[in-house]
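Colleague: I have a structure here, written as C-alpha cells, and I will follow up with some questions on it.
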C-alpha cells in the first residue's frame, strides 16, 4: 500500500491500525504469561474431575448405604449417606432391600443387577451376564474372579465394583457395603424420627386439615412446622437464621456506614470543608478506611469481638464508610448553591441551611447509592461470613469442607442466589419508588 | 378542588404537610427500630459482645504495630517474600477483569435492544447476566477449588464469571445510549453485524466501557485477596498463614497488611485518575475534538 507521508490522515490511520493490532497482541501476550505463571498446563493433571462428577451427582441425588459389619456379629445397617441420624428401622426400610431367612439381605440394584449378602457374610454380585462370589475373611477378602470386568477393582484387601446408575459394591474385611442412588434430596422435609416422614403431599394436607393427631402432644400443623424447622439433617431453622444473619450484616453495615459517613462527608467536600487541610485530611481518612478493606478489618475486629455477625457488620461498616464518604462528598460538591444562598438571605443558621437546602438535593442520590450497595453488600456479607464465622457463608464453607454433604452445598447455593436476587429486586423496587416520589 | 378560598388552600396544604411529616417520622422510627434491634441481635449472636470488645479494639493493632516497629528490619525482607503472592493476586484480578470485560462486552451486545443479532433472545441473555451477577464469587470459587484444587485458577474463573454479569449490565446500559447512525451507515453499504458493531458501536462505547472495567479491576483486587483467604492462593492465603502463627510472628502479618493496603490504595488512586481522564477526554470529543 502506498502511504503518502505528506498526508497526515494516512499517518493517523496508520497509527490507529498499529494500536489496534498492538493492543490485542499485548493482551494475548499477558494472557500467555499468566497461563504460564498459573501453571494452566499442570492444572489438567491436578484437577479431580471425579470430584466434579460426584458433586454433580450429589446435586440431584443421594445414596442409601446398606452396610454389613464383617467384624462383629454381622449386623446390618441401612442409612442415608451413612449418617447415624438417618438410619432406617426395619419398618421403614426401602422396598428394594429384602431380608433373607439366614438374616442376610438381598439387595436389588438397577439394570438387572443384584447383591446378596448371606448371613455368614458371603457376598454374591449378580449382573445380567454372570455371578461373582466374594468372601470377606479375617485378614482380607477372597474373590476368585479370573477375568474381572473393567468396572471391578480387586486386591487381596478390597473388592469394589462400580455398577450402573451410581450404585457401588465394596467389600473389605471390616465391612461389606452397597450404595444405591435415589433421585432427589433425602429427608428434605422431615427426618426419619418424624411421624410425618414418608407421607405424600395429599396425605400431609389431609393430616393438616383433619383433627386426628399423629402425636397427641401437638396438632398436626404445628408438628409438621416443628419437625420441618428442626429437621436434624437439613437444619432448616439454623439455615434460616444464617440467611437472616447475612442480610442483617449487610443491612447494619450499609445503613450504619451511611449514617456515619453523611455528616463526615461535609468535611471532605470542597464547598463545605472549613479549610483545604481539613478536606484533604478527611479525604485521606476515607481512602484509608477503604484501602484497609473488609478483609483486614474483619481480621482486626474479630480479635476484639470474636467471630460472629457483629464483627462482620462492623468490618463492612468501616469499609463502606470510606466508600460512602467519597461518594457523598462528591455528591455534595455537585449541589446547587442557589437554595443555600436563598436560605442564608433569610438568616437561617448552618444546620437549617443543610437540612432545607442541601439534604433535599442529595437525598435521592444517597438513597439510591445506599440501596445499590445494600444488594452488593449482601453478596459481600456471604464472603465475610465465611471468614468471620457467621451467616450462610460459614454454613457453605463448613458443608464444603466435609466434602460429603454436596446436596446441602447445592441447597445453600440455591438459597444464596435467591437471597441476592431478592435483595436486588427489593432494592430496585424501593429505589424506583423513592426516586419517583 | 375548585375552591379558590386562600385560607382553605393554606389549611389543606398544612394538613398535607403534617401528614407527610408524620409519614416520614414513622419511617424514621421504623428505620431506627430496625437498626437498634438489628444491632442488638447481631451483638447477641456474636461470640464476644460489643461493649466488652470495644476497649480491646486497639489491642491487636497496637500489638501488631509495636512488634512490627520492633522488628522493622525484617519488614522489607518479609514484604519481598510476599511479593510473588501479591503479584498472583493482582494477576488473578487482571485476568478476571480482562475475561470479564470480554465476556461482558459480548453479552452486553447480545442483550442490548437495537444491537442484538437475535432480538428475540435479548431477555434470555439479560436473565443470564442477572444470574451471573447474583452468584457470589465465593460459591464458584469453593466449588472450583474442590474440583481443580487450590490455587489461582479457581479464583480467576470465579471472579471472571461474576465480572461478566456485573460488567455486562453496565456495558449494555452504555451501549443502549450509543448513536445508531454509524450502524445504519455501515448497514447501508452492506457491512455484516460484526463489522457494524466493530466500526459503528465499539468506538463510541470504548471510553465508558474501559472506565467501568477499571472500576471493576479495583473491586476485583479486593475480591481476589479475600478469595485467597478461603484457599484460592495469592496474598490472602499468605495472610491467613501469617495471622495463624499468632504472637511473636506479627511482623509477617504486618508486612502483608502493609503490602495489601498499599496495593489497594495505589490501584484505587490509579484507576480513579485514569477514569477521570477517560471521561474528560470523551467530553472534549463531544465538543469537537479530533476525529
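Each Cβ is built from the backbone N, Cα and C atoms, and glycine gets one as well.
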Colleague: According to TrEMBL, which listed range is transmembrane segment: A:285-306, A:307-328, A:329-350?
Modeller: A:285-306
Colleague: Can you dig out which of the ranges A:18-36, A:37-55 TrEMBL describes as transmembrane segment?
Modeller: A:18-36
Colleague: Near the transmembrane segment (A:18-36), which same-chain residues lie under 8 Å Cβ to Cβ, leaving out any that are not at least 6 residues past its ends?
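Modeller: Cβ under 8 Å, 6 or more out: none.
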